[in-house]
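J.: Sending over a structure as structure tokens; questions will come in a sec.
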Amino acid sequence: MKRLSFSTLMLWGGLAFIYLPMLILVIYSFNASKLVTVWGGWSLEWYAGLFDNSQLMAAVGRSLQVAFFTALAAVTLGTLAAFVLTRLPRFRGRTLFGGLVTAPLVMPEVITGLSLLLLFVAMSQLIGWPERGLTTIWIAHTTFCSSYVAIVVSARLRELDLSIEEAAMDLGARPWKVFILITIPMIAPSLVAGGMMSFALSLDDLVLASFVSGPGSTTLPMEIFSAVRLGVKPEINAVASLILLAVSLVTFLIWYLSRRAEENRIQALRQAQEA
Amino acid sequence: MNIPSLNLGRRLVIGVPFIWLALFFLLPFAMVLKISFSSAEVAIPPYTELVRYVDQQLQVLVNFGNYLLLAEDGLYWSAYLGSLKIASISTLVCLLIGYPMAYAISKARKDLQTVLLLLIMMPTWTAILIRVYAWMGILSNNGLINNLLMGLGFISEPLQILNSDTAVYIGVVYAYLPFMVLPLYANLVKHDPTLLEAAADLGARPIESFWKITVPLSKGGIIAGCMLVFIPVVGEFVIPELLGGPETLMIGKVLWQEFFNNRDWPVAAALAVLMLLILIVPILLFNRNQAKELEGRL
């Protein structure tokens with residue numbers, strides 16, 4: 001019993017450690033004083049100023065665009081990879097394939113960023129494509145996000161009851177039809193989760209984007225970074241708070257959706273038992 | 001009739017992600033290796049070609065100078081050692097804080113577990129940049145901690161915490177703690193509680209069964225968590241750049257400076273190759289561990 005209370009204490013302490021700095025950041029974003037560390041009363045002026053900053057707003061637009069297309073591509077690629085990992089146990093190069101899927105999760109970003117840039121430079125010398133810009137950022141983000149999607153989706157695929165897919169195949173459905181009509185709907189929640197995760201990861205990335213971006217393709221984290229390097233600024237507090245708000249809303253949405261899905265499942269089970 | 005189409009479909013399903021990853025993840029490492037043997041040049045792109053055809057002669061120029069430079073200059077050695085030291089200590093601290101946290105979550109009520117898990121996951125979706133930035137305001141000379149300590153009369157002059165190794169440790173543990181908790185939880189929650197009951201029936205005290213049953217069973221989670229922290233931290237750039245001081249030497253930061261400030265792409269590539277060599281064992285360990293977890297063997 002004593003050990004249990006120690007771990008609970010650590011849990012609450014850890015959560016406080018994780019959330020207090022973010023809370024302080026949000027509080028200080030409403031600080032009226034231009035001196036970041038002196039409290040000068042509540043104010044919204046830094047938020048109002050953001051929308052007049054056209055450079056920043058353009059960067060937000062570019063980041064959202066890249067994040068959207070990254071989410072689409074990463075979910076597609078990641079789901080295929082997860083399917084291969086969970087449903088096709090034996091083919092040549094499977095170990096290599098597994099390694100290629102999991103290694104991007106831990107590979108330091110400076111290595112991935114530099115190596116991709118060198119590849120892009122060599123490719124554009126050879127075949128004239130791709131030009132450095134949003135496309136190259138999209139490729140870089142898609143590559144590492146699809147690994148995250150593959151992990152999330154393969155966890156779900158492994159839980160699935162294979163007999164449903166087998167029954168459909170026995171009844172004469174083609175594999176791709178089974179996949180689209182049966183497998184996809186069953187793994188839909190994890191596809192949504194993987195997509196949101198990719199969107200967030202792409203929106204957050206600084207290092208990869210810095211390496212592979214070209215002129216005129218500065219993303220939001222790159223803008224923030226160049227400002228932050230010079231010290232703490234009230235405008236940055238406001239931007240950071242807005243990003244924190246967006247992420248918490250998405251997190252809440254995921255929790256709400258998964259709770260409703262769970263409730264529906266329990267209700268369906270109960271009805272099935274009563275019938 | 002069905003067989004050829006099945007084979008084509010199978011090839012496509014394997015081929016599309018395989019080719020993408022081979023092209024944009026594997027092939028780039030070959031490029032890094034190649035460029036690390038070229039010399040810097042004022043040109044676009046800023047390096048020399050290894051193979052050239054001049055005066056009807058095929059010339060292959062392999063330059064080992066970048067590696068010699070890395071071996072001779074003490075700065076790079078200290079940067080590698082600094083990275084390894086910071087990564088090892090932070091991983092250990094993350095494990096010591098993260099294990100009890102993951103354990104407490106796995107023992108919580110089922111509906112509470114989902115909420116706690118999301119609370120841990122939420123920061124991983126927030127930019128590391130922003131979470132590190134939050135600490136800049138707290139640790140700076142006229143920041144919250146120093147103001148608080150001075151207000152309470154513990155110190156008369158502000159402590160220099162920001163721009164020091166201490167700040168880097170705080171930032172790294174802060175940023176990577178969730179990556180330790182998540183795999184540990186995923187492992188701990190799968191444990192069969194009847195094992196602990198059996199141990200208790202046989203007279204084991206809770207603390208005994210914790211060390212003899214729970215900890216050994218969670219080996220996979222410990223490996224995954226430690227590797228998820230250690231490997232990226234070795235190459236970390238943002239945290240030492242924003243929280244570290246001039247004496248903070250980490251290889252990710254040095255690589256960034258060689259590339260962006262000195263525009264020396266070949267030296268940056270050589271640094272990346274050496275970093276990969278150091279990390280290859282941990283990465284293989286992580287991959288093998290992941291493969292086991294992916295196949296559901298525990």
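Glycine is no exception: its Cβ is also placed from the backbone N, Cα and C atoms.
TrEMBL annotations: computationally assigned, not manually curated.
Look at TrEMBL and you will find B:12-33, B:77-102, B:114-134, B:166-186, B:220-239, B:265-287 tagged as transmembrane segment. If you look up TrEMBL, you'll see B:80-286 marked as domain 'ABC transmembrane type-1'.
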J.: Taking pairs 6 or more apart in sequence, does the count of Cβ pairs under 8 Å between the transmembrane segment (B:114-134) and the transmembrane segment (B:12-33) hit 3 or more?
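T.: These two segments do not touch.
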J.: Are the transmembrane segment (B:220-239) and the transmembrane segment (B:12-33) close enough to be called in contact, which here means at least 3 C-beta pairs under 8 A that are separated by 6 or more residues?
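T.: Judged by the Cβ rule, the two regions do not touch, with the required three close pairs absent.
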J.: Determine which recorded stretch among B:12-33, B:77-102, B:166-186 has the most C-beta pairs below 8 angstroms with the transmembrane segment (B:265-287).
T.: B:12-33
J.: Same chain only, please: residues at least 6 beyond the ends of the transmembrane segment (B:166-186) with a C-beta under 8 Å from a C-beta of the stretch. Say none if there are none.
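T.: Beyond its ends, the transmembrane segment (B:166-186) has Cβ neighbours at 86-87, 89-91, 93-95, 97-99, 101-103, 105-106, 117, 120-121, 123-124, 128, 131-132, 135, 139, 218, 221-222, 224-226, 228-229, 232-233, 236, 239-240, 242-245, 248, 250.
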